[in-house]
Amino acid sequence: MTSFILPPDFPAARPRRNRRDEFSRRLVRENVLTTNDLIYPVFVREGEGVREPVPSMPGIVRYSPDTLLAVAQECVELGIPVLALFPVIDPQLKTPDGIEAANPDGLVPRAVASLKRHFPELGVLTDVALDPYTSHGQDGVIDENGYVLNEPTVEILTRQALVQAQAGVDIVAPSDMMDGRIGAIRQALEAGQHIYTRIMAYSAKYASAFYGPFRDAVGSAGNLGKSNKFTYQMDPANRNEALREVAMDIREGADMVMVKPGLPYLDILRDVKTAFGMPTYAYQVSGEYAMIKAAAANGWLEHDKVMMESLIAFKRAGGDGILTYFAIEAAKLMRASA
Ligand code: PBG
């Protein structure tokens, strides 16, 4: 941490001096947000010409692989470095083991290959988890009591990550919270000669109710029903445990780590950045986005100001970047005011 010399007493110290004029506010500003900090999460489904709105996430739509290309183009033009893909899987392909996740001809590998073919300079990130693919909506394989089994799940996740790497993805992002999955995936990637595939580990991922709109968007909410993810995602009451999770993922071979959700967990983000100094990301999740959109739609909050304030907060807390559904809007706003 930074150490300070105690400021002199008032009026030798008048903090308002530096705040008086715009030039000096700019001069003393400690953090900046740029488009380089943004990762745009998008929902992709089968079909052609699809732009299907997600009701609980105003402004967010589900794309088919063809319409996705227009979004990718927009990201390139705006300077957004990475697009993150989240699949909406046909209910008929969902099974108890979610094995469609490892299909080399599945929706995600096809979308990745097409994105990399058309926009090789745009970074593509894929989620590694089984929940969009399982008939029960859990992130892994379950036993007869509904308990998610660790090693059998890691085995399928590893195959899923390999298939994504073979399709040309730049970053795989395991969001499943199984123990040991980063190590298993890293080993498999190295063995498969995918030595440059980056792993962004959802290291400190909490069992959060803020994921609600996302589960609507990918269609896993109905599958999950009244079940929860408490046996693998973290308890929102815990702080030290997050540091142990991050430490393990780094030792297992993560290139970047993530804290999720975002704003309610800024303390964790700061802790992680300070403790490890790794490239550290925050995920401003679907429910956080929905809250701001809903309040703005009611005229209760000023949309653009709250959006930008929420994003700079991640930088101040130590984040190197943010996965946010606001990425396009924020990038446009920054371009307009540049
Ligand atoms: C899948 C996954 C989830 C999110 C990202 N990857 C949902 C979950 O864990 O239930 C949530 C993202 C969001 O809410 O925006 N494991």
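Cβ coordinates come from backbone N, Cα and C, glycine included.
Curation does not apply to TrEMBL; its annotations are automatic.
Residues annotated as active site, schiff-base intermediate with substrate in TrEMBL: LYS205 (among others). In the three-state DSSP scheme, LYS205 (active site, schiff-base intermediate with substrate) falls into the strand class.
In the shown protein chains, 24 other C-beta atoms lie within 10 A of the C-beta of LYS260 (active site, schiff-base intermediate with substrate). Residues or ranges marked as active site, schiff-base intermediate with substrate by TrEMBL: LYS260 (among others).
Per TrEMBL, the feature Mg(2+) binding site maps to GLU245. For GLU245 (Mg(2+) binding site), applying a Cβ distance below 8 Å and a minimum sequence separation of six or more within one chain yields SER203, ALA204, MET234.
A distance of 5 Å separates the Cα atom of LYS260 (active site, schiff-base intermediate with substrate) from that of LYS205 (active site, schiff-base intermediate with substrate). Under the DSSP three-state reduction, GLU245 (Mg(2+) binding site) is assigned to helix.
The Cβ of LYS205 (active site, schiff-base intermediate with substrate) lies under 8 Å from the Cβ of SER175, MET177, GLN233, MET234, MET258, VAL259, LYS260, each of these being in the same chain and 6 or more residues away along the sequence.
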